[in-house]
Amino acid sequence: MAEKAKIAILISGSGSNMAALLYHSKLPNCPYEIVMVGSNKPDAGGLSIAAAEGISIFAHPHKGMTREAHDQIMHDAVIKSGADYIILAGYMRILSAQFVQKWDGRMLNIHPSLLPKYKGLHTHQRAIDAGDKFGGVSVHLVTAELDDGPILGQCKVAILPDDNAESLAKRILFAEHQLYPHIVCEYVSRFQNPKYLLDKVRALALALPQSHERESHGSEGWRVGSEKSGKYFAYFNNRHHGEDHIALLVKTSGMDELLSLCENQPDIYFKPAYYGASGWVAIILNRPNVDWEHIATWMQRSWRSVAPKSMTKLMDIAEQF
Ligand code: GAR
């Protein structure tokens, strides 16, 4: 199994979501481990649960501090723990833009409503008052705006005729405890997921001028030019020939470059079966921290090497402005 992702959980209260994440991390093949639980409330109930399970805990009250200064203290503690992700689980703080920026794409939050409905507080009462048939819970990526980032998953919970905010909150909490570990697992292992990788590669390939997708020997491929006479500039290889890795195939300048890349950076490149003989290199995609700008640059380069000169000339002129 691949190395586990390291997560830090921030809480302000009883920490039942933290506990759900914690017990899930003890199940076989869980792709994450908890390296720290932090809080702005030194007496948060969840801290003692985490400590009893041997997880390092950290608390620093926010009283009397600026938002930025407190966020910085929490950030430093998380960095010290070695975490790759921050998982907010009932962390009742509005976060400064700087803090959010530092964890862009690596900070998740759980919110007890079916977002985009009912951002902020009193979500259950607002759902009942609106006569909604369902309440629920959302897990989303954290962005600068409160409860607003891309939604990663939701679970609907039916509202009963005699529900009040308290009874509904209690039932929604069961759903939270199911949803959060599931989504965290999915998110931290997304780079092992062929569909996630294919979607990213496809978006980059089809953003290039006059490109289209065409399957080739069972693999997705992208060509530049017309449907009739276009040329391939990229292929997606999902272990097509039993390789260890999922990879993107792009064209190098030739065998010298291909061999040098594979020899000097074997964690990133390998020589693919069949295509390697004509100078295509495989870039490994199923690894943590893929630099997608680097992938985009390779894709553009490969596109340029096969695109008709008339088209690349126009691009060169456009790029001068
Ligand atoms: C949970 O219901 C969570 O969704 C909510 O706080 C509760 C924390 O409970 N979070 C928010 O309202 C964030 N806007 P817990 O401490 O028992 O996990």
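Keep in mind that glycine also has a Cβ here, set from the backbone N, Cα and C atoms.
For the (6R)-10-formyltetrahydrofolate site, TrEMBL gives Met92, Arg93, Ile94, Leu95, Asn109; the one candidate out of Arg67, Arg126 that the record lists there too is Arg67.
The N(1)-(5-phospho-beta-D-ribosyl)glycinamide site is set by Gly15, Ser16, Asn17; from the centre of their CB atoms, other residues of the chain with a CB within 8 Å are Ile11, Gly13, Ser14, Met18, Ala19, Ala20, Leu21, Gly46, Ala89, Gly90, His177. Residue environment of Asn109 ((6R)-10-formyltetrahydrofolate binding site) contains 25 other Cβ atoms, counted within 10 Å of its Cβ in all protein chains. Distance between Cα atoms for Asn109 ((6R)-10-formyltetrahydrofolate binding site) and Asp147 (site 'Raises pKa of active site His'): 8 Å, as a whole number.
Ranked by how many other Cβ atoms sit within 10 Å of their Cβ, the recorded positions Arg67, His111 place Arg67 at the bottom.
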